[in-house]
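Peer 1: This is the structure I have questions about; it appears just below.
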Amino acid sequence: MYFGCDYYPEHWPEERWEKDARMMKEAGFNVVRMAEFAWAKLEPKEGQFDFNWLDKAIEILAQYNIKTVLGTPTATPPAWLATKHPVILRVNKWGIRTSFGGRRAYCPNSRIYRTYSEKIVSKMAEHYKDNENVIGWQIDNEFGGDREKGLCYCEQCAAQFRQWLKGKYETLDKLNQEWGTVFWSQTYTEWEQIPLPRGLETAHNPSLLLDYRRFISDSYISYQKLQIDILRRICPHKFITHNFMGLFNAIDYYKLAEPLDFVAWDNYPNLRFTGENKSSVKVSLSHDVMRGLKEKNFWVMEEQSGPSGWQCVDPSPHPGEIRLWTYQAIAHGAEGILYFRWRTSRFGTEQFWHGILDPSGTSRRRYEEIKKIGQELKRLGDKLMGLEFPREVAMLTSYDEQWAFEIQPNNPKFNYQEHFASYYQLLHAWNVPVDVISIQGDLSKYKLLIAPALFLINNELVHNLKEFVKKGGILIVTFRSGIKNWNNVVFDQPLPAKLNDLLGIEVVEYNSLSSMQKGKLELIYPEIEPLKGECDTWCDIIKCREAEIVGRYTESYYKNEACITINRFGQGSAIYIGTNPSPEIKKCLLRWAIEKSGVKPSFQADPEDIEVVLRRKEGKDYLFFLNHSEKSHQVKLDQSCVELLERREYSKDSIMAIEPKGVRIIYRI
Ligand code: GLA
Ligand code: ZN
């Protein structure tokens, strides 16, 4: 397993590097990532390259058996470049060009920027191609990761956007028709008339907005490809990855991941002031999303190792928490873990974004904790590599759907990601392993599929879903599905369009609820315990064609009308949930679907705040127990097993205690 940190030797005097390497070695590190922001150090003046310092750092680390992953430094163009060619800088939606001084300020479509990027990447590749201590590349850093989500509205983007549209629609007539530009007199007679969706007092055409999001996403993907092509040509034996950002969704991560050897991502579970304070469930979901990008294990290129913060300091990770996050990552598929960052910077924007060491560079609590993890991982050797997931349940998503909902949330309370997470969370609570995969993924491996809010529908998706159910799968689809075609235009058929026969229903009317409003419903299907409850956000009023009623409203003008249905289709069944039921009702529905599909939870009956993750290898079941709480817990083991961290055996029915923030890994014997 690769285990290490993100290292910035250029921030510290050279005399210190040796000590750093020694301390890293003592912590069990075998890898660092370096140089991803070091363009100005590597090319201090245009065309003058200096790799000396980096060579030296790589060499010192290598003496301690620490390998290097090099970042291409394109996330931070140097001042000389931005001054000479201000057109490389992005323009925001109000037409203002960003200034030099932060990071990620470049336009991915800038020809000039691409040329300079090619130069620095080729130089680095040539310089390190035969260096065996450099094992791989990270391209750029966190594409899209800035306040504007990487969007650019400059003239170059406008010209490229029109080219992109020509490639997609071929003729203006087609574009006009697909976008419905007859509305508000927007018919285009020249390609040059098509605007970027810059700031407006009203709102742009939703089809234009969606295509613009796709275009910007494609721009980063093609910018990444430019670098990949160079690296593959010059360094065919080194791996290439990029550091993704979990649930971040400004770029089509499936496409971005495609040409990479594996996905890496940056995991900051606790950003109380600077961002979201993620629940442990959200962290697991993020890991599962990352694993689903290539349906393959991944790395964590930046794992939180201290309190974060730019302007304010976030709370510190509690004792045991860094270790818990590390094993949580491994449980969900990480095969490389690098902590961000080795030593907290004394200067620059991220002075408060703490690393393993504080600015004084002394070993303290966090270093000691990581060292302990290093010892454990060394002992475990390759045991935790190549673990597989059971692949019984999958949740489907796509970035097109996410963008369409960002453009039009449909209801102010509706948030696609929260909606998605509300289903994931229940599966997670029952220790049902979930894959999160693309709507274009191979569905045939699964028994149960959950496809929340398939707002946009295309024929391929409909076909795949039908095949899945026909062959015996259980599918759950939720409200606001089958509303629009792939160009963000509403269907002229009864809803959920194209899914009517699969779901056996017609949505005859809907009611979008205010944030204070609740609906009332009851479950009345023979296979489920009768239950009354509430729902919010949205109420579809459903006429069953072939489907049977599972739930109906008990109030309002649609009292007694169906809101939840099930339809037999081929060998399987398709369930439609036409509202957002309360957690109790959702629980009941999911439990029923799980039983119906024959899916088994990884582990029965454990305390709620213990996460249990099942992995498999060579016919053996591995179970990770992660205690996210501040309390110690006990679990009763259902089989005799070996515990890998404490190194002891447990007999069947014995009790395993797990301390607060503790971790256990067992395999059953
Ligand atoms: C991101 C970046 C890092 C660093 C941290 C902290 O994950 O990739 O370079 O900036 O955030 O801000
Ligand atoms: Zn631009």
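A Cβ is built for glycine as well, from the same backbone N, Cα and C atoms used for every other residue.
TrEMBL entries are annotated by machine, without manual review.
Per TrEMBL, active site, proton donor is recorded for GLU142. The active site, nucleophile annotation in TrEMBL covers GLU302. Under the heading substrate binding site, TrEMBL lists ARG103, ASN141, TRP310. The Zn(2+) binding site annotation in TrEMBL covers CYS107, CYS152, CYS154, CYS157. The domain 'Glycoside hydrolase family 42 N-terminal' annotation in TrEMBL covers 6-380. Look at TrEMBL and you will find 392-599 tagged as domain 'Beta-galactosidase trimerisation'. If you look up TrEMBL, you'll see 610-666 marked as domain 'Beta-galactosidase C-terminal'.
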Peer 1: I'd like the Cβ neighbour count for CYS154 (Zn(2+) binding site), meaning other Cβ atoms within 10 Å of its Cβ, all protein chains included.
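Peer 2: For CYS154 (Zn(2+) binding site), the 10 Å Cβ neighbour count is 20.
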Peer 1: Using DSSP, how many residues in the domain 'Beta-galactosidase C-terminal' (610-666) fall into helix, strand and coil?
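Peer 2: DSSP composition of the domain 'Beta-galactosidase C-terminal' (610-666): 0 helix, 34 strand, 23 coil.
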Peer 1: Ligand 1: which of the recorded positions CYS107, ASN141, GLU142, CYS157 have a Cβ closer than 6 angstroms to it?
Peer 2: ASN141, GLU142
Peer 1: Setting CYS107, CYS152, CYS154, CYS157 aside, what same-chain residues sit with their Cβ within 8 Å of the center of the Cβ atoms that define the Zn(2+) site, listed in sequence order?
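Peer 2: Here the nearby residues are ARG90, VAL91, PRO108, ASN109, SER110, TYR153, GLU155, GLN156, ALA158.
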Peer 1: Other than its own, how many Cβ atoms are within 10 Å of the Cβ belonging to CYS152 (Zn(2+) binding site)?
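Peer 2: Counting Cβ neighbours of CYS152 (Zn(2+) binding site) within 10 Å gives 25.
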Peer 1: Name the one residue among CYS107, ASN141, TRP310 whose Cα is closest in three-dimensional space to that of the residue listed as 'active site, nucleophile'; these are the binding-site residues.
Peer 2: ASN141
Peer 1: Would you give the longest CA-CA distance, in whole angstrom, between residues of ARG103, ASN141, TRP310, the set recorded as binding substrate?
Peer 2: 18
Peer 1: I'd like to confirm something. Which of the recorded positions, ARG103, ASN141, GLU142, TRP310, has a Cα closest to the Cα of CYS154 (Zn(2+) binding site)?
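Peer 2: Ranked by Cα distance from CYS154 (Zn(2+) binding site), first place goes to ARG103.
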Peer 1: In whole Å, note down how far the CA of CYS107 (Zn(2+) binding site) lies from the CA of TRP310 (substrate binding site).
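Peer 2: Checking the Cα atoms of TRP310 (substrate binding site) and CYS107 (Zn(2+) binding site) gives a distance of 24 Å.
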